[in-house]
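What follows is a single structure, written as structure tokens, with notes after it.
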Amino acid sequence: WYWQKEKREPYVKFMEANYPPGFSYEDFGPLFTAEFFDPNQWADILKASGAKYVVLTSKHHEGFTLWGSKYSWNWNAVDVGPKRDLVAELAASVRNRTDLHFGLYHSLFEWFNPLFLEDATNVFKTSKFPTSKSLPELYEIVTRYQPEIIWSDGDGNAPDTYWNSTSFLAWLYNDSPVRDMVVTNDRWGVGSICTHGGFYTCSDRYNPGHLLPHKWENCMTIDKRSWGYRRNAQLDDYLAIEDLVKQLVETVSCGGNLLMNIGPTHDGRITVVFEERLRQMGAWLKVNGEAIYGTKPWRAQNDTVTPAVWYTFTPKEDKVNAVFLSWPVSGTLELGEPQAKLGETQVKLMGYKELLKWVALGEKGMVIALPQLTPQQLPCQWGWTLRLTAV
């Protein structure tokens with residue numbers, strides 16, 4: 001897009017300096033080799049991350065499908081490049097080795113598809129592209145791979161009527177093989193984002209910072225500058241695990257899910273920096289998962305007295321979780337929101353056995369004495385959870 005459409009100078013120059021004259025985007029097809037792609041290894045990393053669902057980009061805005069689509073002749077991973085059905089392989093591994101729900105991202109439009117460009121020129125009064133390409137692909141991936149999430153994207157500034165989204169969704173929820181479990185997002189044509197959908201995404205890297213009345217998802221990237229893999233990325237371009245835990249806790253306390261993006265390499269690897277972040281997140285969730293999974297927003301999302309404290313609520317056990325992101329130097333943590341009851345309220349640090357001592361501050365608020373632990377004795381790093389009973 002930057003090179004061919006916007007013709008941004010650094011991209012044009014890079015291509016001229018590093019590729020043969022007349023090299024086209026299509027020439028990258030055979031260079032996408034995936035020789036190191038091991039779906040079992042991917043599934044194991046995904047499981048170790050503590051994630052509950054995974055969404056694979058089955059086709060992005062340039063139209064190359066990661067499955068052997070009948071509607072993307074000679075521009076798919078089975079005919080060109082890897083010569084493998086990457087969607088089928090990952091779906092099988094995720095389903096055989098994990099309990100993650102398997103989802104697929106699919107771009108409605110394609111930047112340079114002549115049929116789409118023709119429809120756009122006709123102000124979407126014609127619908128050659130959705131009829132012959134986009135919709136058939138959607139029916140194909142649902143029937144063939146039975147994804148439990150359809151993550152639609154790229155409306156190409158066209159209305160849902162052009163994409164025939166309502167008809168497809170009616171089929172998906174009533175007659176498709178996944179009708180009883182499928183979940184969809186909100187990107188089905190101009191005007192549908194943040195308005196219609198099983199969950200709202202609203203925008204990339206969306207974090208409202210307050211409660212929304214509808215389930216939503218913060219879809220963001222570990223590489224601050226890209227959704228794909230960048231060979232020239234610097235360490236500073238990647239969010240640290242502290243940043244990711246903060247994003248997770250803020251998102252969940254406001255009723256959202258976190259969809260954390262990594263970009264694999266052309267040879268099929270999840271690079272070690274991405275793997276490390278995923279495994280770190282999993283390690284944190286092993287200790288603090290009860291403050292995240294199966295929770296609902298509490299009456300307060302964050303604390304009024306101490307910054308960087310976020311709340312979630314576990315309805316099953318009637319417990320309030322307070323996640324604090326920095327360990328206080330004083331050894332005590334003051335919370336302005338919980339109303340404690342003498343003789344009833346209990347405070348526990350997740351990953352630590354004994355109950356903690358606390359005192360109430362009048363009508364509202366409490367001071368909690370944290371255990372004196374060496375860094376080695378801490379139950380985890382990057383953030384800690386207090387479980388409050390009877391507040």
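Every residue number used here counts from 1 along the chain in the order it is shown.
For all residues, glycine too, the Cβ spot is worked out from N, Cα and C.
No curator has checked TrEMBL annotations; they are predicted automatically.
Quick caveat, the model's predicted, so the values are computed rather than measured.
Record features (TrEMBL):
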DOMAIN    1-290  domain 'Glycoside hydrolase family 29 N-terminal'
SITE      CYS219  site 'May be important for catalysis'
DOMAIN    301-389  domain 'Alpha-L-fucosidase C-terminal'
Please average pLDDT over the domain 'Alpha-L-fucosidase C-terminal' (301-389) for the predicted structure.
96
Mind checking how the domain 'Alpha-L-fucosidase C-terminal' (301-389) divides into helix, strand and coil residues in DSSP?
0 helix, 35 strand, 54 coil
